């Protein structure tokens, strides 16, 4: 097991305050932040699991083409929808599962319409998800976990409890799971619970890593950790003590491997 990763983290409370500051004095809209976050997720997928290229992992070689995007009801889910749109344009074949949608929310309705215009298919039941992943000839090569973000508070409720439980129990035969900001079901500050535990292969921390990211990288020797969401100005970075992490970006990078 590797040593604790030397990077600054933001608690759930601090991450919430930072987001609020970005959207008040920072004058960012939620659309902008979601677009930048989703782009970072897509770029992480492209860099770590390139399309139509064999990638060596500890288990096998695979051609990462079809991507299953698991979409939650909040902003984390919106990041996943944005990522799916980019991946479709980059020669991946995303499929989304979006079982619980915000009522009458134009932002999410627009994101769904954009995916429909790109002919991105959608699964409507957990049975379909299980059938797709359990099938011997399943073509799914990557699972994007964009169910819950840093504002998640336990317990996990349906329609996500059975889904997350399935992912945790069947980890050994599932394709790599890439979690957005936190592995869904984990406590943002304390890490995995005792009942349900998604074992992600890759984590993309947005804005700055959360405390559970250190537990993630220390949970196995082959864990992959990226930082994305390059929209923090120097004043906010200093205020929250994350100058070092923000300064890891070089040139025109929108993501950086930690």
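Note: Cβ is positioned from N, Cα and C throughout, glycine not excepted.
Features of the protein shown, as given by Swiss-Prot:
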DOMAIN    15-244  domain 'YjeF N-terminal'
BINDING   75, 76, 77, 78, 79, 149, 150, 151, 152, 153, 154, 155, 181  (6S)-NADPHX binding site
BINDING   76, 145, 184  K(+) binding site
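Here the binding-site residues are 150, 152; the one with the fewest Cβ atoms within 10 Å of its Cβ is 152. Between the CA atoms of residue 77 ((6S)-NADPHX binding site) and residue 145 (K(+) binding site) there is a gap of 9 Å, rounded to the nearest whole number.
Of 76, 145, 184, all annotated as binding-site residues, the residue with the shortest Cα distance to residue 154 ((6S)-NADPHX binding site) is 184.
In the three-state DSSP reading, residue 145 (K(+) binding site) counts as strand. Listed in sequence order, 146, 147, 148, 149, 180, 181 are the same-chain residues at least 6 apart in sequence whose CB falls under 8 Å from the CB of residue 76 (K(+) binding site). Neighbour list (residue 79 ((6S)-NADPHX binding site), Cβ cut-off 8 Å, at least 6 residues apart, same chain): 34, 37, 38, 41, 146, 149, 180, 181, 206. Looking only at other Cβ atoms within 10 Å, the busiest spot among the binding-site residues 75, 184 turns out to be 184. Across the domain 'YjeF N-terminal' (15-244), the model assigns an average pLDDT of 90. Distance from the CA of residue 145 (K(+) binding site) to the CA of residue 75 ((6S)-NADPHX binding site) is 13 Å. Each residue in 70, 72, 77, 80, 146, 147, 148, 149, 179, 180, 181, 182, 183, 198 lies on the same chain as 76, 145, 184 and has a C-beta within 8 Å of the C-beta centroid of that K(+) site, without being one of the site residues.
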